[in-house]
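TrEMBL has this to say about the protein:
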- 3-308: domain 'Hcy-binding' (DOMAIN)
- Cys209, Cys293, Cys294: Zn(2+) binding site (BINDING)
- 342-369: region 'Disordered' (REGION)
Amino acid sequence: MVKKGLLERLAEGPVVGDGSYVFNLEKRGYVMAGQWTPEVVIEHPEAVKQLHREFLRAGADILQAYTFFASDDKLNLPGHAAGKITTCKELNERAIDIVRDVAGDADVLISGGVTMTPSYKQGKGKDAVQAEYRKHVEVFMEKDVDFILAEFINHVEEAEWAIEVLKSTGKPVACTMCIGPTGDFKDVPAGECAVRMARAGADVVGLNCQFDPNTGLKTMALMKAALEKEGLSPFLMLQPLGFHCPEVENEHPGYAMLPECPFALEPRLLTRYDANRYARAAYELGVRYIGGCCGFEPHHIRAISEELSPERGGKLGEASSKHIPWGEALKTSTFLQNRMKANQEHWKSVKPASGRPGHPALQPKLMGQ
């Protein structure tokens with residue numbers, strides 16, 4: 001079977017991304033918080049395979065090789081254990097082998113990814129930063145991934161440097177920044193960031209992480225308007241947090257400023273119906289690559305897949321065979337109280353409580369303030 005490429009799929013309609021690897025694998029006991037490096041692909045490859053399988057069954061059209069924070073300069077930072085046992089090259093090779101084994105003959109695309117580098121933050125300059133990216137790219141080309149993603153970058157200058165390297169491969173390039181409406185960490189406006197990414201050569205531009213879906217949609221609207229004003233038309237991509245965090249909308253660090261980040265965020269987790277609403281709003285805004293980042297679990301991706309199924313020719317993931325949207329499965333419950341909830345009206349109107357008396361609805365004070 002000859003698979004359609006990323007850009008062809010995006011031209012035809014929405015593409016469903018996958019969800020969080022870092023947070024899900026940390027919760028499952030395979031990733032060290034703080035360092036967030038992906039040596040799990042060597043230590044426990046079966047754990048990564050299982051999460052890939054779950055996203056694939058949920059309906060994802062894309063599986064990202066778990067190469068997040070795999071650059072050599074990151075692996076070898078002081079206090080990081082990963083650099084003692086592996087390298088960027090080995091991590092990338094193993095990660096792609098793992099995801100390809102899971103993908104098999106499925107109609108799913110595989111992406112290789114790069115992230116922000118410590119070399120940029122340390123002021124080592126363009127050559128040093130791009131040298132780190134080239135180490136990734138060499139493996140991506142050798143393993144022939146379907147496209148390459150630069151993500152979780154908070155300075156548009158570094159995004160431009162990354163795009164320049166990735167474009168040299170001739171493969172489709174997507175780039176997402178972890179910024180909100182106030183722009184990047186040097187206060188470059190969000191709209192200008194989008195324009196600069198597109199002019200650097202990115203085929204797909206957008207956002208990931210740090211902010212929730214509502215903030216992400218607001219920022220995407222700013223980016224879309226700026227792109228249209230300049231006559232640029234890359235595809236748009238959004239992979240926000242799976243947590244509600246409106247307090248940090250105008251803070252550059254995003255959810256890192258919440259006192260409960262990263263170990264007590266569960267009360268803020270999106271429901272599957274929040275994921276439905278997010279997917280529909282993103283599609284109506286013109287976003288065509290729609291997925292999730294930290295906090296997004298397989299059931300969230302299933303919700304996106306189901307919400308956008310009409311726009312995707314009725315396509316659904318295997319996991320939807322065990323799910324009837326909007327609570328309809330509860331009609332067969334032996335409990336009357338559950339049968340009363342077996343309708344769309346209930347789940348569209350319900351306002352989930354946290355069940356935590358004495359806890360604030362929003363944090364009155366953020367970290368560092």
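Even glycines carry a Cβ here, placed using N, Cα and C.
Within 10 Å of the C-beta of Cys209 (Zn(2+) binding site) we count 24 further C-beta atoms, all protein chains included.
Counted within 10 Å of its Cβ, the other Cβ atoms near Cys294 (Zn(2+) binding site) come to 25, all protein chains included. Remote same-chain partners of the region 'Disordered' (342-369), defined as residues 6 or more beyond its termini with a Cβ less than 8 Å from a stretch Cβ, comprise 246-248, 251, 253, 256-260, 267, 271, 273, 325-331, 333.
Residues Cys209, Cys293, Cys294 make up the record's Zn(2+) site, and a Cβ search at 8 Å around their centroid adds Ser20, Val22, Phe23, Phe152, Cys178, Asn208, Gln210, Gln239, Pro240, Leu241, Gly242, Gly292, Gly295, Phe296 from the same chain. There are 29 other Cβ atoms within 10 Å of the Cβ belonging to Cys293 (Zn(2+) binding site).
Confidence for the domain 'Hcy-binding' (3-308), expressed as mean pLDDT, is 98.
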